[in-house]
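S.K.: One structure is given below, represented as structure tokens, and several questions about it will come after.
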Amino acid sequence: MIPPFLTIAELEEHARRILAPSHFSYYYSGAEDEVTLQRNKDAFQKLLMRPRMLVNIKNVDTATTLLGQRISTPVCVAPTSAHSMAHRDGEKATAKACAELQTCFCLSTYSNYSIEQVAGATQQSNPLNWFQLYVERDRSITESLVRKCEKHGFKAIVLTVDRQKLGRRLGDLRLGGFQVPDHLPLGNFKDGLSTFGNDIDPTLDWSAISWLKQITHLPLVVKGILRGDDAVRAAEAGADAIWVSNHGARQLDTCPAPIEALPEIVTSCRGRNVEIYVDGGIRHGTDVFKALALGARAVFVGRPAIWGLAYKGQDGVKQVLSQLTSDLQLSMALSGCTSVDTITKDYVAAAEDYSFSKTLARL
């Protein structure tokens, strides 16, 4: 039987049809003219695959580790707010899909289901749950969230550093501005956090990393880095991992795609004991392969998980992650790689390197 949706693009169009316009716009929109939103996807096409032939590919393994924790696939789920706008089971469904597939789920500060509820929904599955953290003006609120993560078995804190002010998202503004629906409160805040992000500390600086390292034993991932020098500063401040991201192109338009920024950050962090992850524009197994080839340890997807959630809840998210993983496995096999550790930059090349003006000049 042919599945109803063969690609993530098809799932996206399905979500566009079935979700309330304001909800779809919130999930989909990028900043300003959405130049970077498109660039996030297009940048992968600027890289070509360079497969090796006659390699024994009987066994192809996608397993890897994140901060010492084993995962079956380097395809993980990025934090996205308010999953219950896509499906009534919200983050519980997304987290359960990740746990079932033995991969990482990162819960947003602004989730509909709370830290406790997500932990409860996945407690039978030995989950790898992380928590994405915004630092509030009132640091006691932030610290209380960290304490809940420690209590309920979350394995890492992901500090978002690119959201001190909200980007200008025209899609939301054209619909009157986004508001969290009254019947879908944000679970990590007693009052549902009616201000929805307006209490993020605008004075946040590098000292926040050392402060968090002082108050928790959990590993700290710094998310939202696009420059090599910032990656070095984060590592020197105590970060255990760097997450290359432009916030899904929702903050500052015309900045680089994360996959474009990745090589600079990998080079800058060489010799430092930090893992590097990337998100943004990942829609195919070849995209995952290219990110790993350029030095990422894992990739995170946000919108694709939401489109799967809107389609069929937990099973829909599982379908998206399984599809990306099987596509990655096929890309590995066809490229002559039998494990993610064998994927190196030698397997990709800039498309411009294969322009006739360059290839003919080398003859």
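The backbone N, Cα and C atoms fix where each Cβ goes, glycine too.
Whatever TrEMBL says is automated annotation, not expert-curated.
According to TrEMBL:
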{"type": "ACT_SITE", "residues": "H247", "note": "active site, proton acceptor"}
{"type": "BINDING", "residues": "Y26, Q132, Y134, R169, H247, R250", "note": "glyoxylate binding site"}
{"type": "BINDING", "residues": "S108, T160, K223, S245, D279, G280, G281, I282, R283, G302, R303", "note": "FMN binding site"}
{"type": "DOMAIN", "residues": "1-353", "note": "domain 'FMN hydroxy acid dehydrogenase'"}
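For each feature listed, report its degree of burial, its nearest neighbours and the pertinent distances within the displayed model.
M.R.: Following the DSSP three-state reduction, the secondary structure of H247 (active site, proton acceptor) is helix. Annotation for H247 (active site, proton acceptor): spatial neighbours T160, D162, R163, G167, G224, criterion Cβ-Cβ under 8 Å with sequence separation of six or more.
DSSP classifies Y26 (glyoxylate binding site) as helix under the three-state reduction.
For D279 (FMN binding site), the same-chain residues lying six or more positions away in sequence with a CB closer than 8 A to its CB are A78, W243, V244, S245, G248, P258, V299, F300, V301, G302.
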S.K.: Can you tell which of the binding-site residues K223, G281, R283, R303 lies nearest to Y26 (glyoxylate binding site) in space, using Cα positions?
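M.R.: The smallest Cα gap between Y26 (glyoxylate binding site) and any of the binding-site residues is with R303.
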S.K.: Let's check the environment of S108 (FMN binding site): how many other CB atoms sit within 10 Å of its CB?
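M.R.: Excluding its own Cβ, S108 (FMN binding site) sees 22 Cβ atoms within 10 Å.
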S.K.: With every protein chain in view, how many other Cβ atoms are within 10 Å of the Cβ of R283 (FMN binding site)?
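M.R.: The answer is 21.
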S.K.: Would you kindly give the Cα-Cα distance separating K223 (FMN binding site) and Y134 (glyoxylate binding site), rounded to the nearest Å?
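M.R.: Pair distance, Cα basis, whole Å: 11 Å.
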S.K.: Compute the C-alpha separation of R169 (glyoxylate binding site) from R303 (FMN binding site), stating it in Å without decimals.
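M.R.: The Cα atom of R169 (glyoxylate binding site) is 16 Å away from the Cα atom of R303 (FMN binding site).
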S.K.: Taking S108, T160, K223, S245, D279, G280, G281, I282, R283, G302, R303 as the record's FMN-binding set, what's the max Cα pairwise distance in Å, rounded to a whole number?
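M.R.: Spelled out: the longest distance between any two Cα atoms in S108, T160, K223, S245, D279, G280, G281, I282, R283, G302, R303 is 23 Å.
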